[in-house]
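Some features that Swiss-Prot has for this protein:
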{"type": "BINDING", "residues": "Cys11, Cys48, Cys82", "note": "[4Fe-4S] cluster 1 binding site"}
{"type": "BINDING", "residues": "Cys156, Cys160, Cys163", "note": "[4Fe-4S] cluster 2 binding site"}
{"type": "DOMAIN", "residues": "2-119", "note": "domain 'MTTase N-terminal'"}
{"type": "DOMAIN", "residues": "142-380", "note": "domain 'Radical SAM core'"}
{"type": "DOMAIN", "residues": "379-446", "note": "domain 'TRAM'"}
Amino acid sequence: MKKLYIRTFGCQMNEYDSEKMADVLGAGEGIAKTDNPEEADVILFNTCSVREKAQEKVFHDLGRVKHLKQLKPDLIIGVGGCVASQEGDAIVARAPYVDVVFGPQTLHRLPALIAARKQSGRSQVDISFPEIEKFDAMPPARVEGASAFVSIMEGCSKYCTFCVVPYTRGEEISRPLEDVLAEIAGLAEQGVKEVTLLGQNVNAWRGEIVRDAGEEGDFAFLLECVAEIPGIERIRYTTSHPREMTQRLFDAYVKIPKLVSQLHLPVQSGSDRILAAMKRGYSVLEFKSIVRKLRAARPDLSLSSDFIVGFPGETEEDFEKTMKLIDEVGFDGSFSFVYSARPGTPAADLEDPVPQETKLAWLARLQKRIDEQAQAVSQSMVGSAQRILVEGVSRKSAEELMGRTDNNRVVNFPAPSPHRDRLVGQFIEVRITSALPHSLRGEILTRES
């Protein structure tokens, strides 16, 4: 059997897309995945262009597999994802040994691209945007474990000044309601108990309640439908946009117990001046109002966020406003980075007088504060009973299992060997016994039937 190696960079959307690449090639080519690139017949890099370092790392890693092409002339090397969309033919010009280049919307064409490469002897590039065609062409999802990602929409229409996503993944396109629910129902039949709904702006999803009937459902309606699917016990979603947080979505946190008490809500900055320069479309006051409404509906809601430090023109005063917002909201997790100019975005043309060492110092302060708040939340959970979904063997010890709480905390706990395998994929109750810097420890209380 032929083997497929995939290296994934970037977001959870890319993780999902990589699984779909494996599904497409598994169904069409009979190829199985491997963790060893040296034994692979197909090597794919699913790329991210959000930050410059991630982009350059792709070409670095391509160079590391170049020699395999000489050892195995029939080896197929492909580059997909957002760097592929952004660079296109330039990838082949820079790395002529690359056989196929494809975008996020054309990954379903991989078998045809590989066949064309073999037939013609020329590298194949397809970075077009055929809207939702990708999902129509996908084979049924194959999953292992009780948790799965489901992409419900593609692209972004917000055009924040720092972001390449609208240019690399296209504008927002929602999958039809029936298709999303059918995929999730199929996953539930395979034993999946937890789904994470994915999209660049996942809460911007819109879909017809009945196809061709003209009546439109919003993201809150979709959540209600997912909650009714037998076997699905826990629902997450990412990444959301503050501008798409509606009253109906706030109400969903009251109506839908299966919706977790954790939300990733990117704010990017605590300065109105910087938010306006980023073209985020909300003020700090409006963001705090959203947080108040969310916590009125779900008081124990855990919030994480995205932060960009050192945006062009940011001052010490702007940064201190971000730190103040972090304290006021109580964020307990973040993806935070120093601003990286992306070619083709409006912000790339702005003057950027802030020294790099200042930006790095700001980032260190911000991350330290977030870590402190995360530890405080974890410490507050010690002694409490928590419902977790057991995901598998702990990385800490083969004698232990690990799972996640409703608010997305990793819990490691000892499990007796006769029952260890049977607990994987099940919900159980654990008592939290201690809080470590990046995880919790617990002990089993009960197992759900």
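For all residues, glycine too, the Cβ spot is worked out from N, Cα and C.
Recorded features from Swiss-Prot, shown on the structure.
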residue: Cys11; record: [4Fe-4S] cluster 1 binding site; CB count, 10 Å: 19
residue: Cys48; record: [4Fe-4S] cluster 1 binding site; CB count, 10 Å: 21
residue: Cys82; record: [4Fe-4S] cluster 1 binding site; CB count, 10 Å: 27
residue: Cys156; record: [4Fe-4S] cluster 2 binding site; CB count, 10 Å: 23
residue: Cys160; record: [4Fe-4S] cluster 2 binding site; CB count, 10 Å: 22
residue: Cys163; record: [4Fe-4S] cluster 2 binding site; CB count, 10 Å: 21
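Cα of Cys48 ([4Fe-4S] cluster 1 binding site) to Cα of Cys156 ([4Fe-4S] cluster 2 binding site): a distance of 15 Å. Residue counts for the domain 'MTTase N-terminal' (2-119) under DSSP, helix first, then strand, then coil, are 66 helix, 23 strand, 29 coil.
Cys82 ([4Fe-4S] cluster 1 binding site) is 12 Å away from Cys163 ([4Fe-4S] cluster 2 binding site) when you measure Cα to Cα. The two recorded residues, Cys11 ([4Fe-4S] cluster 1 binding site) and Cys160 ([4Fe-4S] cluster 2 binding site), show a Cα separation of 18 Å. If you measure from the Cα atom of Cys82 ([4Fe-4S] cluster 1 binding site) to that of Cys160 ([4Fe-4S] cluster 2 binding site), you get 16 Å.
Taking the mean position of the Cβ atoms of Cys156, Cys160, Cys163 as the [4Fe-4S] cluster 2 site, the remaining residues of that chain whose Cβ falls within 8 Å of it are Lys158, Tyr159, Phe162, Val164, Val165, Pro166, Gln200. On the 0 to 100 pLDDT scale, the domain 'Radical SAM core' (142-380) averages 95 in the predicted structure.
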